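Peer 1: To start, I am sharing the structure in question, which I have written as structure tokens.
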Amino acid sequence: MRRAALRLCALGKGQLTPGRGLTQGPQNPKKQGIFHIHEVRDKLREIVGASTNWRDHVKAMEERKLLHSFLAKSQDGLPPRRMKDSYIEVLLPLGSEPELREKYLTVQNTVRFGRILEDLDSLGVLICYMHNKIHSAKMSPLSIVTALVDKIDMCKKSLSPEQDIKFSGHVSWVGKTSMEVKMQMFQLHGDEFCPVLDATFVMVARDSENKGPAFVNPLIPESPEEEELFRQGELNKGRRIAFSSTSLLKMAPSAEERTTIHEMFLSTLDPKTISFRSRVLPSNAVWMENSKLKSLEICHPQERNIFNRIFGGFLMRKAYELAWATACSFGGSRPFVVAVDDIMFQKPVEVGSLLFLSSQVCFTQNNYIQVRVHSEVASLQEKQHTTTNVFHFTFMSEKEVPLVFPKTYGESMLYLDGQRHFNSMSGPATLRKDYLVEP
């Protein structure tokens, strides 16, 4: 079982670089053509015709029904797009506009990663609308939503609340109704923007009423570098299918995994008795059931997205903050986020729902903590809970953390699933002291 480490994002590995046709890397933050962070949500409302106040949301959605005739009957009837057609840059001017800092500030004077997740979610949707832009129509007939956060890789750079941040991204792969989006985040150091984060999201297109799938414009790579990005998108799709097909919900653990669980079970048996029922916790270990934290959120209209469902970025922020608190409580010191991966949006969350979040440590190794957050919703009228998301976060603690031990078969499967996510990370690196990302 190899040691996991911080996944580094390399400028140009996940997106196009200056020499490859798209503007990247060091930039003047005052350049023309760059969106302000506040403009992203405003632009999205304009594209879909969303209401700015809750009382008009029904009327706005009724107007969107009229856009159904603009939907393509097949993908063949849609003009192809280039990667640079969807490329956009967004500025978060924490340094030049100090009034923005309060929203992003932690008590340790660093940047709230949960807020960054919200911004990435909005940016990913806007990028896809740019890819599918219809010049003859004021509003888009598509309802584009986040289907999956494939991965977010952190770089060894500190996130200062006193320096400007820039986001950039573009569509890198397209299927029939889905799109992969590559995004990067940079922070100003001196007179240049340096990369601090690399993210891959998968978005899906729905019809104007968000009831069924809709076709998206095809994507044509224009260079060997773009062809490689597109090929990587195909590989990512295959990897996700393979990972899903071998899920512990579908297949039994491997022989090696079964051995791991059995050895852990044997190490918890009381040597003073000859019984499978008497369990003793090994030294420097914690029962998995004792690592849980829970929270409840009432989903108010303020947290709605442009389609009057609860904003996916809000769900990610709340899940991340609970996961961070779980890792902090478990490890006894300040944790640092290393990776986010495989966040599947299984079901939309309606405004007015009760959101139940349950977080627990499911795997540890050395000073790494793998946290799983399970999200459920229930309406005020019905008591039945429905799963909407499962979130996976990897943290690194400032000191070595206890081992986590499962008691039941179900917890053993959570342990193995956490181990799989942990081992899926890229190979070794060291966390620098200036790498500070907090809730």
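Glycine residues also receive a Cβ, built from the backbone N, Cα and C atoms like all the rest.
As the structure is a computational prediction, the values presented were derived from the model and not from experiment.
Look at Swiss-Prot and you will find 1-21 tagged as transit peptide. Taken from Swiss-Prot, the feature domain 'HotDog ACOT-type 1' applies to 84-209. Feature annotation from Swiss-Prot assigns N6-acetyllysine to Lys103; the stated evidence is a large-scale study or a structure entry. Per Swiss-Prot, the feature domain 'HotDog ACOT-type 2' maps to 289-401; the stated evidence is sequence analysis.
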Peer 1: Taking the Cβ of Lys103 (N6-acetyllysine) as the reference point, list residues of the same chain whose Cβ is under 8 angstroms away and which are at least six residues distant in sequence.
Peer 2: Arg112, Arg115
Peer 1: By DSSP, what is the split of the domain 'HotDog ACOT-type 2' (289-401) into helix, strand and coil residues?
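Peer 2: The domain 'HotDog ACOT-type 2' (289-401) comes out at 26 helix, 56 strand, 31 coil.
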Peer 1: Average the per-residue pLDDT over the domain 'HotDog ACOT-type 1' (84-209) and send me the rounded value.
Peer 2: 92
Peer 1: Go ahead and report the DSSP secondary structure tallies for the domain 'HotDog ACOT-type 1' (84-209): helix first, then strand, then coil.
Peer 2: 28 helix, 57 strand, 41 coil
